[in-house]
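*Asks:* From TrEMBL, here are the annotated features:
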DOMAIN    1-462  domain 'UvrD-like helicase ATP-binding'
BINDING   Ala22, Ala23, Ala24, Gly25, Ser26, Gly27, Lys28, Thr29  ATP binding site
DOMAIN    467-769  domain 'UvrD-like helicase C-terminal'
Amino acid sequence: MKWTNDQQAAIDARGSHVLVSAAAGSGKTAVLVERLASRLLDENDDLTADRMLVVTFTNAAAAEMKRRIAKALDGALRDDPDNDYIRRQRQMLNRALITTIHSFCLEVIRENYYLLDLDPAFKIAEERDLVLLQDDVLEEVLEDEYGKQDRAFFALVDAYTSDRGDSEIEELILGLYHYARTLPDPEAYLDELTALYRFEGDPDEEPLLIEFGRILFTDIERALRQLRRVGIELRLAGYEAQAENVLTAIAPFDQVEAESLTWSELETAARAVKFGSMKPVKRQDEHHIYHTVLKPAYDQAKKKFSDALGQASVSGADHLEALVSQRPLVETLVRTVRTFATAYEQAKRDRAFVDFSDLEHYALAILREGEAPSAVASLYKQRFAEVLVDEYQDTNEIQETIIGLVSNEAEHSGNLFMVGDIKQSIYRFRHAEPRLFIDKATRFKQPDSGQRIDLSQNFRSRAEVLHGINDLFVQLMDEEVGEIEYDEAARLVPGREYEALEANPELILVNGQSRDLSKQELEGRAIATRILELVSGEEPFKVTDDETGMLRSCEYRDIVILVRSKKERVEQLMDILTQYNIPAYTDSDGGYFQATEIRMMLAVLKLIDNPLQDIPLAGALRSPMFGFTDEDLAKIRLESEDSFFDALKMKADEEDDLGLKCGTVLDQLSAWRTFARNHSLSELIQQVFNDTGFYDFAGGLPGGKGRQENLKALYDRALSYERSGYRGLYRFLRVMDRLQDNGEDLSEARSLGEEENVVRIMTVHKSKGLEFPVTIVAQLGKQFNKRDQMQRVIFHKQYGISLDAIDVVTRTRTETFVKEMIRRDLDRTMKAEEMRVLYVALTRAKEKLILVGTVADPAKQVNDWLHVEQTGATLAADARREAKTYLDWVAPALLKLEGSAPFLEQFGLPALSGTPEAARWTYRVIGEEDLAEVATLQEMMAQLHHVKHFEAIDFPVKREAAVTETVRRAFDYIYPAQVATETAAKQTVTELKRALQLEQAAFEETFRPTDTPYREPKWKQTRQTGAERGTTLHLLFQLIDPNEPIAPQIDRFENHNMLSPVEAETARLAIPDLETFFDAPVGQALAEALRAGRAWRELPFTYTVPAERVNPNETFTDERVLIQGIIDCLYDNGEMYVLLDYKSDSVLSMSASREAAAHMLVDRYAVQLSLYREAIESIWGITVGQTLIYSLDLQDVVVL
């Protein structure tokens, strides 16, 4: 492979710390592999495979890195098979630490557990168990605190609880505990918290207040600039009195200097500002500019100015006094958190529990003595010749400290190699600290420091996509708003040649005005419209085929829709795409609690626990379980102003239909509550399923199989909860709520494979590291999430904790200036993060990028965006800081490009002069009227389908004779191909196999003894039937990575709910069988093909065969039957394609010999596999060289 100069520099860099800033699509992984492989192959290099530490962000990335390095070493060994040095490196690679930071920490702890007095049999605890343990410990701590009758604790409780119980004080204690644990030294942070509330001396000399003053003055200066500009424009327009009023009001700030500003000076100037009444101006045509431009600009600037003056007008002493008054509460809170931390740590040790936070802190305790490296850390320093950190931009402070302790300190002669892209740092919610990367990137430009290498060439995307992205971010991203300058080094440079094609990126604005459709529905339909145009329009979009390198028509599988989070109505978007006959799939990680069926079941369970909960009660009544309408709920609500449950009981006393319906609900709830007192939680869930039929109902909905799997998973989680020794519905629901609150959403059951020809819908975070031919970035008009800023209590590394000042007498709260500082800083970091999220989303596109957002009034919004100010190459910093949506960034930037002129003309707006280089974007507005055409087309296509298959029958409204005759002819009509109607138009391969096999075999397959018992529902099963065991084994063959140990994979599958506990037990019993298979030559061949990317497992297909093959005893006229099946495995062994099928049939016990058993399998499955082979060869255009059955019973291969 030919490397660029920058790539080669990264591969060859030695002798110091190295920071590689690798832009999206720059071939980063290939460079890392080449760097490590070339060092391992160099006999003069001191690096051996067991002397490197490679830290990756995910386990999958670690496995891929090791696989690629192994492949490079294997290739070198094939070229030089007698080279013992390479052979030793290849052998040592198995011991190489290529791993995640948590796995490395685990390694450190396992080797040095005795230094921590830790049980050597410790285990990583499940999140569910940790939540329950935290609740138990916290309950004991609070009971103990209440028992002390401590006034300070009672004051804290009184200030931060309501009549809802202790939940708020519990959240406060846990919140501070968890936040402190994200820092390298939690105890030091807790010490600093109380110190922040100790103030002595002159307020003008308090650093915190000085900083707040500078923050406020920055706001004031911005507003002053606007007001001065308005004053000048008023004067130039002839409104002298109004101009004088403005300029006189702001005069107190004319002599204020930011550099030497004290709080007293700021307060004095703020109090001196007096805005007089603006002299009225008549509303006449000659004053149009005043009323439409000048006065609104004045009002807006005055509001910003007044808002900033509000805090500045408060005396410094009052600001500090408000904080000092909260010091007793802070000290009590810190003391309580420390008490909890000690008790929780002991409880975990008693159970030999370790959580992920412990991994980092325990490793840190082992590697550090005070602030210096420990003896253990020194041993690691001597061991590692290179420490390589991938995705360095997502490192947090604890991880940075750990990495620093095991690598050489001196940057100019160090051994630390860091790779990442600060523009793709999007994990602040995991406490990633982008500043670590930014500081090194700045420092490594200087002499006597580390090396910085920039990889800016992009080998992923078309030039049109890259230029479009550059057009945007050169105007949006800089140090002031995005924390990094989008300079020449940051710009994306095309590195791949594509065949010429019209592929401009697009901005689609959806007009949100509609009587019948919500904004979300309009946007979903607009996206569906564009997808249909791309795939099946008059001129379908062309994409480059990965295998042939030639252009081909775009398929659904080429398209991804990216959203900010799964909570953004993804399910509604899926439904809309389905309405347009667009197959779609969403990776449902993190969507479990948002699944409709789970929300309904949890609502019912909450009612059983406590019916006096209005929201769960309304949700349950509105659900299909009870079938109440909105009108029903409104009538019930009118019965009483008390709780909804009281209203329900009052309505149940009435004898109308709704009253009877309410009575039935009350009876059912009462029965369930009685049942719950005498049965386990899992039995209660089963009883709800039985009484309501909800499990079966969910199975009949779109995606029914997945919905049933979700419900089954809820049952399994309840079972697992009880097996852990816990009891009680209330505690179980508390765990579910805590998991949701902590963002520990569970994985939703999957019901569709990822290789299907479907449109993908995923979050931007999930898409990171991936690429797609066509990328649609949706929901750009949705407001940024400011939930963190709106919390009542916020924790901050620098400013501490945002407690309100509380007057216990008047029971009023006043926000302190520290809370304002924290909110501002959170808003700043949130906007920077959102800008990077936008960058990640856009850089997923290979050939086509489409941005979609909805606005209420496009004409007004476009006019507002067009007038956003610009400073040099970038949009004005104020405008970017004040943005509420992605569109508030994207649209103003794109409208300033020359290519926007035709778009602006639609709104009667002129293009801006002095715009940046010519745009490569296209612009479009889609309204409801545009969507109607597409919907009509869909209806016409559906009608056309019916016309092709059925005789049209016309029923004239007023001609009874004609109606009678038409009906008679319709009923008398005899279909000429009657036989075809008796043969299913679509069959599975198994059904076809049965039709073609011997009569006796067909008889045995079709007729069973009448006393065969019905299969129990899955939630009742404690062991699997033979057929279910076969299904589980097939799933394992699909999922197992033969290059990793099998047992941990099964544990992972169970933890991620890919296997139920019963299925996991079957899987563990089958481990010897699986190992036998993967150790056999056929398993080895499959493993090699998987490593090379030449194997396909669980491959679905659809294929048509002549109808006479299904029903050979009848005569057909060119009719064909659709056959569906799933191929277990197809792989390329380098010489031929091999079709492999797994069978779990018990044949040895029914046969006289192994040969007879093998013949039995051939007899049973020859037809099926013949069809598989025929389908593969027909669809793929390849030749299958060998067809194999692997029999688990024989533990051997049968060749067909």
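Cβ atoms here come from the backbone N, Cα and C positions, even for glycine.
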*Asks:* Relative to the Cβ of Ser26 (ATP binding site), which residues of the same chain, six or more apart in sequence, are found under 8 Å away?
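*Replies:* Set apart from Ser26 (ATP binding site) by at least 6 residues yet with Cβ under 8 Å, we have Gln7, Leu455, Ser456, Gln457, Asn458, Phe459, Gly495.
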*Asks:* I want the residues beyond Ala22, Ala23, Ala24, Gly25, Ser26, Gly27, Lys28, Thr29 whose C-beta is within 8 angstroms of the mean position of the ATP site's C-beta atoms, in chain order.
*Replies:* Val31, Asp421, Leu455, Asn458, Phe459, Arg460
*Asks:* Could you say whether, by DSSP, Ala22 (ATP binding site) belongs to a helix, a strand or a coil region?
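*Replies:* In the DSSP reduction, Ala22 (ATP binding site) maps to strand.
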*Asks:* Using a Cβ-Cβ cut-off under 8 angstroms and a sequence gap of six or more, which residues of the chain neighbour Thr29 (ATP binding site)?
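*Replies:* Long-range Cβ contacts: Glu64, Met65, Arg68.
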*Asks:* According to DSSP, does Gly27 (ATP binding site) sit in a helix, a strand, or coil?
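*Replies:* Reduced to three states, the DSSP call for Gly27 (ATP binding site) is coil.
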*Asks:* Restricting to the chain of Gly25 (ATP binding site) and a gap of 6 or more, list residues whose Cβ falls under 8 Å of its Cβ, or answer none.
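*Replies:* Set apart from Gly25 (ATP binding site) by at least 6 residues yet with Cβ under 8 Å, we have Asn458, Phe459, Arg460, Ser461, Leu492, Gly495, Glu771, Thr843.
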*Asks:* Taking the Cβ of Gly27 (ATP binding site) as the centre, count every other Cβ atom within 10 Å, in any protein chain shown.
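*Replies:* Its Cβ shell of radius 10 Å holds 21 other Cβ atoms.
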*Asks:* Once near-sequence residues are set aside, which residues in the chain of Ala23 (ATP binding site), 6 or more away, have Cβ atoms under 8 Å from its Cβ?
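*Replies:* Once residues fewer than 6 apart are set aside, Ala23 (ATP binding site) is near Asp421, Lys423, Asp454, Leu455, Ser456, Gln457, Asn458, Ala490, Leu492.
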*Asks:* Note down the number of other Cβ atoms within 10 Å of the Cβ of Ala24 (ATP binding site), including every protein chain shown.
*Replies:* 24
*Asks:* Non-local Cβ contacts of Ala22 (ATP binding site) (under 8 Å, 6 or more apart, same chain)?
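*Replies:* Listed in sequence order, they are Lys28, Val31, Val419, Gly420, Asp421, Leu455.
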*Asks:* To what whole number does the mean pLDDT across the domain 'UvrD-like helicase C-terminal' (467-769) round?
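*Replies:* Mean model confidence (pLDDT) across the domain 'UvrD-like helicase C-terminal' (467-769) is 85.
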*Asks:* Return the count of C-beta atoms lying within 10 angstroms of the C-beta of Lys28 (ATP binding site), excluding that atom itself.
*Replies:* 22
